[in-house]
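**Q** Below you will find the structure I want to go over with you.
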Ligand SMILES: NC(=O)C1=CN([C@@H]2O[C@H](COP(=O)(O)OP(=O)(O)OC[C@H]3O[C@@H](n4cnc5c(N)ncnc54)[C@H](O)[C@@H]3O)[C@@H](O)[C@H]2O)[C@@H](O)CC1
Ligand SMILES: [K+]
């Protein structure tokens, strides 16, 4: 996993104060890393339009123009002139070299957006907005310097932002690049070293971006095993029985030795999945909430009181009966609407889904601070997994999963790993990654996935 930061100003400052580096050195590396990216990917003579703003994001762009000049057909556009001290220094260098300037957006093969970076501190004015809109209309390969212009330091897009194919971000990964609403704008994210290796530049953090290597699948290494070695999951099925059945099938496909659906009514189940009316004596994990509807309250209370690893989903986030369980080690898998209900239930906040989506990290932190024993998995385009003071980002999410049933598969996967004795955090991380990576592997039309396809892909990981 990689470290992620709310801001990197303090990390830049460490380079100046403790390592005797200068702003000029850092900026030269910032510009060089974008130049290297272009040189690796594009032939000589390709046309490059660099749009540079008034501050140091613009200064990065002006330095980039100098580095590419002559090898590429470079044009510099400075709609607001150069205002920061570094921008003025870079401008002088570019002018002495003879880099060509343009007075408006010209068509080109590559556009590099260096309008605003981490310094975007107010709404875009009309001119900036119209520049960003025009850049978005251009057919070109689009590179954002540090962060797409229009995305603020929290990752929010209050008007419009530059649609990048790739964002080359300076020094370290930032939280802003992983808010759901920024996902369509940032494209691929690459980190540029700023004169020292990233491991030196970076400090401690409480936020991490998950890699594929963080997915620890339940491969079986022991030869002397039997079905009881891989746990017995009980999925509580409510009035919408299908949800529980989908979760049960996913759990079985992910390695749980025995899976039973708990229901008072008879359910049509595949032969390998059992049905019981009450919790099994040898139950090693419970999945509850999916499709639950109005289940008998006392019965739910009794199930939640069991000291058995549990994943809670869906309808239960609206029910007071859940509150005591939040003091325990339990995995919660809400989508944003359910999380808003849970925040209200817990007296943490009474907010809209829109407000939550603009402040996902903040509310995950708040919740996990109040309930440090729980593992919270907040679904989204970039799923956030919070435990005590740490947040893990799963950025593999894809719109392929935006379907009824996908969430039931996910809770089935988490429950499957809980039954197989993973701890709650590891279960949530591996299940979430497996769910998203499997969806990315799905090769049919991206609108066509059904839960069975997803389970099939998970079985192939
Ligand atoms: N040590 C450093 O400071 C380094 C900075 N770097 C670059 O510098 C950037 C940060 O530079 P700055 O702090 O100068 O900030 P920016 O260049 O991102 O933006 C600040 C400028 O934009 C104007 N502005 C802000 N919001 C606006 C709006 N909504 N409409 C119109 N104008 C607006 C401000 O008045 C100011 O002139 C980073 O994103 C990165 O690209 C890199 O070169 C690495 C080193
Ligand atoms: K930018």
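Glycine is no exception: its Cβ is also placed from the backbone N, Cα and C atoms.
Okay, these came from TrEMBL:
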DOMAIN    8-202  domain 'YjeF N-terminal'
BINDING   56-60, 117-123, 146, 243, 291, 335, 408  (6S)-NADPHX binding site
BINDING   57, 113, 149  K(+) binding site
DOMAIN    210-461  domain 'YjeF C-terminal'
BINDING   379, 380, 381, 382, 383, 407  AMP binding site
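Map these features onto the structure and tell me what's around them.
**A** Per-residue confidence over the domain 'YjeF N-terminal' (8-202) averages 97 (mean pLDDT, predicted model).
Sequence-distant neighbours of residue 118 ((6S)-NADPHX binding site) (same chain, 6+ residues apart, CB-CB distance under 8 A): 7, 8, 9, 57, 146, 147, 153, 174.
Around residue 113 (K(+) binding site), the C-beta neighbours below 8 angstroms that are at least 6 residues distant in the chain are 51, 135, 142, 143, 144, 145, 148, 149, 162, 164. Secondary structure at residue 113 (K(+) binding site), as computed by DSSP, is strand.
Residues within less than 8 Å, Cβ to Cβ, of residue 382 (AMP binding site) and separated from it by at least 6 positions along the same chain comprise 178, 179, 180, 183, 393, 394, 395, 397.
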**Q** Counting only residues 6+ away in sequence within the same chain, which have a CB under 8 Å from the CB of residue 380 (AMP binding site)?
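**A** Counting only residues 6 or more apart in sequence, the Cβ neighbours of residue 380 (AMP binding site) under 8 Å are 180, 335, 336, 357, 360, 397.
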**Q** Near ligand 1, meaning Cβ under 6 Å from any of its atoms: which of the binding-site residues 113, 380, 381, 382, 383 fit that description?
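**A** Checking each Cβ against ligand 1, none of them comes under 6 Å.
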**Q** Ligand 2 is in the model; which of the binding-site residues 57, 113, 149, 407 have a C-beta less than 6 angstroms from one of its atoms?
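**A** Checking each Cβ against ligand 2, the ones under 6 Å are 57, 113, 149.
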**Q** Based on Cα distances to residue 407 (AMP binding site), point out the closest of the binding-site residues 56, 59, 121.
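**A** Among 56, 59, 121, 121.
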**Q** Which Cβ among the binding-site residues (56, 57, 121, 149) has the fewest C-beta neighbours inside 10 Å?
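**A** Minimum Cβ neighbour count within 10 Å, taken over the binding-site residues 56, 57, 121, 149, occurs at 121.
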**Q** Spatially speaking, which of the binding-site residues 56, 59, 121 is closest to residue 381 (AMP binding site)? Use C-alpha to C-alpha, please.
**A** 121
**Q** Return one of helix, strand or coil for residue 383 (AMP binding site), based on DSSP.
**A** strand
